[in-house]
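As structure tokens, the structure follows; a few thoughts come after it.
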């Protein structure tokens, strides 16, 4: 919509108007100005845009949660900077469905060329940013935690440089293609780029990154760092590989009408897989760790005890479990004798013949005048 009525061509022939390509006739003598692009009316467009909006909101929610925990001073495992970078990459991947959801009005040459370039670049750059972060993180986890330990240090600068240069290859290819072809792409050339094997060749570098992440799966899945991030990255890479095989197969086998929906669905599905497989479990573990720390901090301290020996603490805590009540029956009052005593190391050094000792030998029967309660 967003059309505004103008009387420029109300009393003349529309064929003589200089802005004829921007006008839509709605009745005799009426013309409406419309924008350069319009939203496509296919059902898959509405479905994918809805999923993309929900995914972007989830990414913002996870990023807000991490930022709030950092502002409150909570200690989180690992450096959260790469989490923010990966979330930003997922937002770009979700946004890559927008160029596939709109079309140029009246097939205008200028806007059609821009849309064609954006469709190619959104797919290539979106995949490269996500897979470069996953590959850099997987390589660091594989090199530091090859034995499953937690004592080795992860160099943040090395990890950042590795991710930067991995993604820089696709960025360089994108800039080169944009500088050469963004103003000269016609409608037929755009169909060849976005509807043929040329697009798959354009995404071959991203496929290589995904295969490298999958090959590191046996090593990264054993890592316990950063809330077991390695296992989640391994699972996400395997599911992303299955998604890639699925949309590429539909791209090649279902005909020209299903090619653009296949590419757009692959973008949304890949971003959703990474979001659900990596960030949802990690957010749950972060929240569990925060709650556990709060519970531990609320427990009473043992600093008031006279001794810090674990044997003495165990002995005193065991004695506190027992109590003795004198019954109303006749007879003399016996001390607190029990048929059994806790098997602690400190009780083995007690003298059984000492009257101050509240414990007797194991074969001593309990007193009939005392009732032991717990």
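A Cβ is built for glycine as well, from the same backbone N, Cα and C atoms used for every other residue.
Where the annotation comes from TrEMBL, it is an automatic prediction and has not been curated.
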Per TrEMBL, the range holding transmembrane segment, considering 4-22, 23-41, 80-98: 80-98
Comparing 43-68, 80-98, 110-136, 157-179, 231-252 for Cβ pairs under 8 Å with the transmembrane segment (199-219), the winner is 110-136
Do at least three CB pairs under 8 A connect the transmembrane segment (157-179) and the transmembrane segment (264-285), leaving out pairs fewer than 6 apart in sequence? no
For the transmembrane segment (157-179), which recorded stretch in the set 43-68, 80-98, 110-136, 231-252 gives the largest number of Cβ pairs separated by under 8 Å? 110-136
Long-range Cβ neighbours of the transmembrane segment (80-98) (under 8 Å; 6 or more residues past either end): 48-49, 52, 55-56, 59-60, 62-63, 66, 70, 122-123, 125-127, 129-130, 133-134, 136-137, 156, 159-160, 163, 264, 267-268, 270-271, 274-275, 278-279, 282
